[in-house]
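Asks: Submitted below is the structure of interest, expressed as structure tokens.
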Amino acid sequence: MVHPPDLVSCLLRTQGSRVLNSCRSLQKVKQIHASVVVDGQELSLVLASKLISFYVQFDDFRSAVSVLKALKEPNTFLWNSVIKAHVNSGLVDSGVFVYKLMRKKGVPCDGYTFPILSKLVLLIECGVSFAEMIHCVAMQMGFESDVYFCNTMIEAYVKSGYSGNALKLFNEMPYRDLVSWTSMISGFAYEGNSNLAFGLFNEMRKEVEPNEVTMIVMLQTCSTMVEGRQLHGYVIRFGSLIDQSLKNSILKMYADFGSEDDSELLFDETARRDVVSWNIMTYLYSSKGKIMKMADYLSRMRREVQPRIETLTVLIAGLGQCRYPSQGRQIHCLALKTGLFDDILMTTLLEMYAKSGDLENSSKLFREVSHRNYSTWDAIISGWTENGHFQKALELFQQMVAVGVQPRTENMRTLVVACMHLGALRLGKSIHGYFLRNFFSISDEGAQSLETSIMNMYVRCGDICSARICFDNMLVKDLVTWSSMIEGLGTHGLGSEALEFFHQMKAGGVEPNSVTFLSLLSACSHSGLLYKGCEALNSMKWEFGFEPDLDSRIWGALLASARVHEDHKVGQYAAQKLLELESDNAGYYTLYSNVQASLERWNDVEEVRSAMKDMNLMRHPGWSCLEVEGTFHGFVSGDRSHQQMDEIHAIIDCLSEMH
């Protein structure tokens, strides 16, 4: 039945709320709203509240805001409800817009506004400026003593990485409850500052007693087993604290430190073990490569609780760390049989196969992932890079960018490594440009490590001048950065400059380590600076207390020298020492085999090759790569398949004659 317009207007004026209550669709609500607007009626607060409630229910936030704009008299409650609806739906930018519109229209804030806004702040990435604005307005309006608001602001500052702001607010609070203390402690824990976290925890105990949440945060803060044991003892003394989540946190703490005995003791003492408890124990043994123990716990687990996707994910992650692909395949089969599969599990499987060198299965899983996020792309790119397929890694990176997935410092560092091995200077410079545009102002550890990798890329690609410019422009220079630059200068025969950098490093208060001295000694060796090298060696021993360490590189050089001089006795001794240090390095076995072959000791050659076969060590042929006008050309030892091979060899012969 269709009502005439004048009858609709009459109904809305007399019983608008009741008419709205009968609506069951967004279209009907919009028709009633439109009738009110066309009729020229002034929205009553009751009718406006109903309209906003329906619009929020149907996720039509734009219409809800239009109702607010139409109100003649400002109503804080309705504005709060619309902002809260945006917060609950995760619509951060729209929520900020509504708040700014509220301020522009002169609608006053009340005691409910700021807690809602502080939750909005938590959703904003790097939203410290907005948080400071909200904080300032709240202080002006007398909310400095509102514990709930202050606690939420502390959490917002902490999650934005501004623990200094959080601590200032914490110290200014006239009254601090348990949430205040726990939020501030979690801030220090988030930064990895266990000393400040434990100091604040001890202060807290003078005012309030911690609860389970506080203890879980503290357990995550532990940097040593001693600290973890102390917290465990505290929990035992106050037995009322112990619940299942806290027990699992203690169990995880012991597992993270690799303590099997403590983990098993606590696990066996736990009467009611949930799936999280079992996941921790299975991951402990899978990550340590103890397959029988892992299988035992998985079997026992299946008798008590049903494994979940998280169980299989942590198992595969642990097996991936130890590179046990055969056991990983068994877990993969279990996942297929039980139907416990999602994109996170597939990404973890992909990473496990890639780390084990099984790029075929890794690529197959990559193609099957329905929603490829950053983690998926990073896993497959890292896998190809770690297995020496640098050109394929670069192709995948370009595909990742093409589909709109933004690179981060982690996979950009992987890409820089690929450029370094390929000698892809042009692409390396492009990555450097991207870094300067997007990450240069960021001072976190990832950005710093990426910058050092870019500097090393320039060194390896032969552009020492760009490497020095990169070094000079770095905001933070740590020991790794200095040592890398000294090594790079030495590689390019600039021993005097390497010594100068070494003295600058010491003057800047950065203390060298054994790696720094090895780089410096290598630089002196390449430049013929014998006297300066001896000075450095003496400084290493007497000034800094480092004893010269004969590592694999030194024994490798000695073994190569023994081959040249046909000194079987020295070669045998050097090879023994070398293989003790790196028993899984196929290159050293090959070098030793060549030494024996040059002495015509064929039985020894056969023994070395048999040992390589037993250990499944493969000799990789030598290869090189050139970048010509953005295209990469690869060359493998003994391969003549390149279409311009004859011309290449002709030029090489010509150069040889000139030399």
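Including glycine, each Cβ sits where the backbone N, Cα and C put it.
Reproduced below are the annotations present in TrEMBL:
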- 75-109: repeat 'PPR' (REPEAT)
- 146-180: repeat 'PPR' (REPEAT)
- 373-407: repeat 'PPR' (REPEAT)
- 478-512: repeat 'PPR' (REPEAT)
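Tell me what's around each of these sites.
Replies: Long-range Cβ contacts of the repeat 'PPR' (75-109) within its own chain (Cβ-Cβ under 8 Å, at least 6 residues beyond either end) map to 45, 48-49, 52-53, 56, 59, 61, 64-65, 67-69, 116-117, 119-120, 123-124, 130, 137-138, 141.
Proximity of distant same-chain residues to the repeat 'PPR' (146-180), defined by a Cβ-Cβ separation under 8 Å and at least 6 residues beyond the stretch ends, is recorded for 111, 114-115, 118-119, 121-122, 124, 126-128, 131-132, 134-135, 138, 186-188, 190-191, 207-211, 214.
For the repeat 'PPR' (373-407), the DSSP counts in helix, strand and coil order read 26 helix, 0 strand, 9 coil.
Through the fold, the repeat 'PPR' (478-512) approaches residues 448-449, 451-452, 455-456, 458-459, 462, 464, 467-468, 471, 519-520, 522-529, 532, 536, 544 of its own chain, all at least 6 residues removed from its boundaries and within a Cβ separation under 8 Å.
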Asks: Report, as numbers and ranges, every residue of the chain located at least six residues beyond the repeat 'PPR' (373-407) whose Cβ falls under 8 Å of a Cβ in that stretch; write 'none' if there are none.
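Replies: Distant contacts of the repeat 'PPR' (373-407): 343, 346-347, 350-351, 353-355, 357, 359, 362-363, 366, 414-415, 417-419, 421-422, 424, 427, 434, 620, 625, 632, 634.
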Asks: Per DSSP, what is the residue count of the repeat 'PPR' (478-512) in each of helix, strand and coil?
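Replies: Across the repeat 'PPR' (478-512), the residues distribute as 26 helix, 0 strand, 9 coil.
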